[in-house]
Amino acid sequence: MDVTQPKQEHLLALKVMRLTKPTLFTNIPVTCEERDLPGDLLNQLMKDDPSTVKGAETLMLGEMLTLPQNFGNIFLGETFSSYISVHNDSHQVVKDILVKADLQTSSQRLNLSASTAAVAELKPDCCIDDVIHHEVKEIGTHILVCAVSYTTQTGEKMYFRKFFKFQVLKPLDVKTKFYNAETDEVFLEAQIQNITTSPMFMEKVSLEPSIMYNVAELNAVSRSGESMSTFGTRTYLQPMDTRQYLYCLKPKQEFAEKAGVIKGVTVIGKLDIVWKTNLGERGRLQTSQLQRMAPGYGDVRLSLETIPDTVNVEEPFDITCKITNCSERTMDLVLEMCNTNSIHWCGVSGRQLGKLHPISSLHLTLTLLSSVQGLQSISGLRLTDTFLKRTYEYDDIAQVCVVSSKIKEN
């Protein structure tokens, strides 16, 4: 006959509570007109209610704070705080108490305990308290594992643990777009959407550029000598609302001079986003390194350095071009200028530009005129490498507004 031993109860009790900010207490106002049956009874009850605002009893929002009634949501970037308490429920003195708290994520296991040393003894009705903090950096399922080991008066070693599972949600949806300018500048548009159920105060949204770029934020305007945000003084982001931030990145001088460096996939930088929710709870997110595919310019790149915005019809004007050898070989270039229906080049076509070494540039000033008014596209430049007998065509380089000389004088 088998005899099953009863399971021994533990002498210690473990309690785990999440630490969060309180919320403002809300009540439901119940009122009526004086000629109704209750008379002034309901109004008087609201005035006597300590949770209502004096003089504004019909408002749902009160002046009192209420403690959280449930575990609540935890979002990526926030700090998870928890209170751990081990209480001696017995009448014995317990020795060598060790409390360990680990956080298990989908990719790692983290030790959150402030101390790894064991407590020598714990008397009856006494407790060991600890507060743990962790900045959440992963979404998905998290498991808080709390383990307690101790020794009884009889020398028996006891051990137990508890598991607390919770989900970490995504607070923001971040999308990025890159726009390439005619120069080496790159414009980054960041679309940030609040996908939580409560408003956010956007404390900071900045771009930390890589070593190749300098960044300029385009999210403020100057008024009366002061810089003001384009989003106003109250930068709140309501649930499911989206806000767009714009940044201009320009290659540093040492990289801009080496055209061959900025090729293929380049690292732009990363976004640093800081926000606050109800009662100042802070959250922070940093994106991974943003990458973009640099536009392909082939072996030879032709870009415009200077060009006027508006010119007179049938009057010559100058443009400055920059020709860069993006290949790994030396080129011997010849420039040809082909007229179009509206654009006419001035000067000698087919002139020698000389040898251009790899990752080097030359500047060239050209003169042209337009015989047609309106927005005209500058086209018709041809560069020929005499070494390989290869011709590179450049059309729609830029656009210029051509007007009558009378209109420009007015």
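Even glycines carry a Cβ here, placed using N, Cα and C.
Here the structure is a predicted model, which means the values were calculated and not measured.
Lifted from TrEMBL, the feature list:
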{"type": "DOMAIN", "residues": "10-168", "note": "domain 'Trafficking protein particle complex subunit 13 N-terminal'"}
{"type": "DOMAIN", "residues": "172-295", "note": "domain 'Trafficking protein particle complex subunit 13 middle'"}
{"type": "DOMAIN", "residues": "308-402", "note": "domain 'Trafficking protein particle complex subunit 13 C-terminal'"}
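Mean pLDDT, taken over the domain 'Trafficking protein particle complex subunit 13 N-terminal' (10-168), works out to 83 on the 0 to 100 scale. When DSSP labels each residue, the domain 'Trafficking protein particle complex subunit 13 middle' (172-295) comes out as 7 helix, 74 strand, 43 coil, counted as helix, strand and coil in that order.
The DSSP breakdown of the domain 'Trafficking protein particle complex subunit 13 C-terminal' (308-402) into helical (H, G, I), extended (E, B) and coil residues amounts to 0 helix, 59 strand, 36 coil.
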